[in-house]
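Database features (Swiss-Prot):
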type	residues	note
SIGNAL	1-15	signal peptide
CARBOHYD	N107	N-linked glycosylation site
CARBOHYD	N180	N-linked glycosylation site
BINDING	H188, D207, D273	Zn(2+) 1 binding site
BINDING	D207, E246, H355	Zn(2+) 2 binding site
Amino acid sequence: MKASLLALLLPAVSARNVNLAGDTQRPMTHEEAAAATYHIEISPGNTRWVTEDEKWALRRKGINFFDITDHPDLGATINTLVGPPKKKAVFPKKPTYQDAVKPLFTNLSKSHLEENLEKFTSFHTRYYKSDWGRQSSEWLLGKVQETIKEAGAEKYVTAKHFKHPWGQNSIIATIPGKTNQTVVIGAHQDSINLFLPSILAAPGADDDGSGTVTILEALRVILQSKDIVKGKHPNTLEFHWYSAEEGGLLGSQAIFSAYEKERRDVKAMLQQDMTGFITRTIQAGLPESVGVIVDFVDPKLTEFIKKIITEYCDIPFVETKCGYACSDHASASKAGYPSAFVIESAFEYSDNHIHTTDDLIKYLSFDHMIQHAKLTLAFAYELAFADFPALEKGK
């Protein structure tokens, strides 16, 4: 790359917003961006200050982290005496709503998954600081709202942005239950090219376009249950699409920080991040499977998810690990909420095209994504109707 071209690109690569009087913003100059530092946590209690370029260098090395600059106190109330103590997580011993859930599976659609993913990957990038990232979030919110309206559920179900200062907002769809006990299903909507995030294409088909459309499809189908739409279930369901996961779990930290401060009663959170790539698993001579993350997760919730997969999916699960702060479930966990994470395969066989221009639909299996949609749908329905107070009393 010629030096003159590099000089033109650097300001765009490092651009960040600066707050001015009256809540207006302007991009940072290159000098300001070069001087900006971020406080990150790469393992529990192991923090350091880095520049933005150093953040991306760590990610290129496969090192994940929380960017705790704006939320250094996430999880601070867990061990305090403020408010009632958190109850231990308890989940059903086995799935019990097969008669309601399995008939819904016939409505899951590969064509819906593909159509939505084609559109979602058509944005040049979904980098959270880019205007494309803002546009993709606006499109996604519109699609979620359209899904709710087509189900005739707009009187009961809501979808709205959770706003962030960097431009790309997170999205929360809420299906109210009889109580504020809440079950969360999440995916992240942003994508990134780790070499020139503000400039190079980042279609993000698998990471995490696949998870985004997977939980959208699960939402579409669960809204075909009249009992769910009319709120006959005791527990509230929320579907989250997080912004800025790639920047250090920024969007999910903001949401779960707010929930922690509000003392929201989140009973369970499941993250779907990368749900479509099976090529390396098959090439290794291994069976197609769902990867169940077993490190830095809630073990009881994870055991329940294994039972969901065994009961409702057509393929087995494999236990795997992904390390600290590897996706948005980590924000829920840090805030004190039981969280779990499933991925497309054993971690070592997951998609090797991510974070580049080559994270494309052509490498993905929509049949495999349907398995993740079945898991998501069953998980949501089973826990929507779970009697958590009785479970916590040992009944």
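Cβ coordinates come from backbone N, Cα and C, glycine included.
Same-chain residues with CB within 8 A of the center of the H188, D207, D273 CB atoms, the Zn(2+) 1 site residues themselves not counted, are A187, G204, D208, G211, T212, E245, E246, M274, S327, D328. Residue density at D273 (Zn(2+) 1 binding site): 27 other Cβ atoms are found within 10 A of its Cβ, drawing on all protein chains shown.
Relative to E246 (Zn(2+) 2 binding site), the recorded positions with Cα atoms inside 10 Å are H188, the candidates having been N107, N180, H188, D273.
In this view, H355 (Zn(2+) 2 binding site) is surrounded by 21 other Cβ atoms within 10 Å of its Cβ, with every protein chain counted. Taking the C-alpha positions, the distance from N107 (N-linked glycosylation site) to D273 (Zn(2+) 1 binding site) comes to 22 Å. What surrounds the Zn(2+) 2 site, by Cβ distance within 8 Å of the Cβ centroid and not counting D207, E246, H355, is the set R59, D190, S191, I192, L194, A202, G204, D208, E245, I354, D359 from the same chain. If you take the CA of H355 (Zn(2+) 2 binding site) and look 10 A around it, the recorded positions you hit from N180, H188, D207, D273 are D207. Candidate binding-site residues: H188, D207, D273. Nearest to N180 (N-linked glycosylation site) by Cα distance: H188. Sequence-distant contacts of H188 (Zn(2+) 1 binding site), defined as residues of its own chain at least six apart whose C-beta falls under 8 angstroms from its C-beta, comprise D208, G211, T212, W241, Y242, S243, E245, E246, G251, S252, D273, S327, D328.
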